[in-house]
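S.K.: The structure follows.
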Amino acid sequence: MSAFEELGVMPELVKAVEELGWMLPSPVQAEAIPLILGGGDVMAAAETGSGKTGAFAIPVLQIVHEALRQRVRSGAAASSSGRGGGNAGGGVASPAAECVLSTEDRDLHLAVSSDGCTAQSRSEKSWGGVRATMGVFASCGGKVYYEVTVNDEGLSRVGWSCSTAALDLGTDRLGFGFGGTGKKSHQRQFDSYGEPFGKGDVIGCMLDCTGGGSVSYSKNGRHLGEAFKLPPHLQSQIFLPAICLKNAEATVNFGVTPFAHPPPPGFIAMTKAPAAWIAAAASAAAAATSSTAAAAAADGSKPDCIILEPAKDLAEQTANCFTDYGKHLHAPAIRTGLFVGGVDAVPQIRMLREGVHIAVGTPGRVIDFVESGKIPLDQVRFFVLDEADRLIADNPDVVTKIYNRLPKGGTGVNRLQVLLFSATLHSTEVKDMAAKICVNPILVDLKGKDAVPETVDHVLVRVNPAEDRSWLQSKPEVFTDGCHAVDCIGPSTATTRECLSEATKRLKQRLLQRLIDTLRMEQCLIFCRTNYDCDQLERFLNSLGGAGGGGGGEGGFRGKMESGKENPYSCVVLAGARSMDERRAALSAFKDGDVRFLICTDVAARGIDIKELPYVINMTLPDKSEDYIHRIGRVGRADTMGLAISLVSEVPEKVWYCSVKGLKPWLAPDASNTKTTDKGGHTIWYDEKALLGAIETRLGRSIPSMSEDLSLPAELAERLAAGGDKYGQQRGGGVSQEVTAHLEQIAQNVQHLASLEWHVQTSFLRLKQRWQSAQG
Ligand SMILES: Nc1ncnc2c1ncn2[C@@H]1O[C@H](COP(=O)(O)OP(=O)(O)OP(=O)(O)O)[C@@H](O)[C@H]1O
């Protein structure tokens, strides 16, 4: 059994992740997958690149697939009998329909076998109940039978109940049970009936829908007499086979295989009943809700899961992960839809009409579609906030509005599960929101505070224009942001705040070039503060590349070189101001290794997964310390070593400031107004030393600096050399620490087994020798 199977993951999903080369679940996966499969709300905080997407995607896919299979089975039965002209109420099943125990309509702690015939509940404290996927119209005028075989010594109660009855059979007015202690139960009234039963006994459960209706039982083929008469108010209801167990196991037979004892005269097996008698459980339950809901529920076309992501690119990546992990799930296949803004809504609406089971999107587009009724929510059972802290900080209203509209599904297996994931999940806002939208969430917190993975080395390059005067050189030409366009910059003003600020910007671009050359960077992700900074850096790198950057037209693939890999400075841009097509093309060119540098804003700070990326550079520190953790977490993923370098100015830098959301001050009509915002302009003074202080406080450690010749701090260089590690490659020669730990764990057992095997073999050979010599 593989390590993923041990977590309860179904073989189709295990196969898919093994094809991706995942040998063992990562720690967050090992913790979160069983919790989600068990039905809990989960808040998971784990380092960047530690496999959080798989930790929620795998169990979500599994549960959604199970639910869908169940619906398709029930829906198919309902529609085929509908075509046969049966009951006008719809939801009438074909006689050949497969009636099994439901994996949906059960208590969480009761397990149902994959063939839907055996139920097991190992709780000694509480009863676990389950109903069948088909029911019988009490008004059908027929007589139906099914059998239950008790497999062990625990307690069992068997019988019939309506789809809305308590799963604890016989404890309300909608259920009728017969228990192993020899009692019949209805409305919590337990009266002596028949005789006790236990392990090995076969109980026949009869529903007689003639003459007002009654329920009776047999034990090992012996009829025990009528147990209940159906009260008049229940004679229009649908009754489903139901059992409940306490630390027990039982197997049902609805008639697919021969019965242990023949049904009493006039009774027929559930599965042999005419179509007009039988109703699918899903239809029975759906009938209680709106008719449109029932219709769509039957074909399973509404989302079961809503996943919010803070950025379009990340949403697309997550949707692709769902498609990849779920590729072996068939009959039915899972359909994942992507719902992000900035692109034509029509194909997305069409997709919703065709049916989507997992909806992944960004807050704006998702709330638009929810409020206009395009994304129906009445079937949703998972609400996932990936990068939850960012979503909650930026879009608390959207999160709350969507949550308020979701069906909560009670406390059984259909209850809504809320999952919050991030590498930085420790803010007060997250805790407050979790208190509102989660029910007893289980915290999977692998470090207890925000942490940087061991595979990420991070260093600073201090930028001090007062000491480094190379900014006065005219070559290579740099392209700064124009915040000092109206200031007097030059040797004569070299000590003014404005001049030092402009000098910092010039030095940073030149330092970037030196870093690229010194470290012989094959690939690097470069973070800038604004869209405009990205444009200017792109110009700078293109000018170094000497080819002026191919394309560059409106909507074109700016910066892509004919042969990107040969150009040591080839670059593309991924930033909010670029179109979705351009962003997609840029990311894929970078992932494919066609270009060396991906210049980006913080839209790429979270979640974006680029395999074996060796370097990240921060041209400017982010103004939120948690974003630093996410940015540098683009390297050091999946046990690959990576280096993050931050250029940090020793002096304040004047930068553009968007006081109105969406406003690009460098494009504003009064863009020449470079005064600070308190003086009616569009700039602020940015203090990177203070930002660095906040980051170091958050991490609880100081970040080492590179030396002037841009070599690594000694401690890092030594550690790297000792481990034989290289940035962009798996640490420890390709075997992950988890795999090593796992191998160490099983080594002892393997040795023990080997020695047992040796003893068995040698004693067999000795015996054989003795026998041969005895034979002469
Ligand atoms: N069990 C595993 N074994 C090997 N590789 C894995 C495993 N789980 C995930 N990965 C790989 O690790 C990389 C990072 O995974 P993922 O993107 O899910 O990380 P994350 O924790 O969500 O990171 P972030 O915090 O940046 O969003 C991916 O390339 C993924 O394919």
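Cβ atoms are placed via backbone N, Cα and C, with glycine included.
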S.K.: In TrEMBL, which of the ranges 2-30, 234-262, 582-610, 640-668 has the motif 'Q motif' annotation?
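M.R.: The listed stretch tagged motif 'Q motif' in TrEMBL is 2-30.
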S.K.: Could you give me the DSSP helix, strand and coil counts for the domain 'DEAD-box RNA helicase Q' (2-30)?
M.R.: 17 helix, 0 strand, 12 coil
S.K.: Averaged over the domain 'Helicase ATP-binding' (268-443), what pLDDT does the prediction give?
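M.R.: In the predicted model, the domain 'Helicase ATP-binding' (268-443) has a mean pLDDT of 87.
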S.K.: At a threshold of under 8 Å on Cβ distances, which of 2-30, 79-259, 268-443 pairs most often with the domain 'Helicase C-terminal' (511-711)?
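M.R.: Top-ranked stretch among 2-30, 79-259, 268-443: 268-443.
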S.K.: For the motif 'Q motif' (2-30), could you work out the same-chain residues 6 or more beyond its ends whose Cβ comes under 8 Å from its Cβ atoms?
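M.R.: Counting only partners 6 or more residues beyond its ends, the motif 'Q motif' (2-30) has Cβ contacts under 8 Å with 37, 44, 46, 50-52, 54-55, 58-59, 61-62, 65, 324-330, 444, 446, 736, 738-739, 742.
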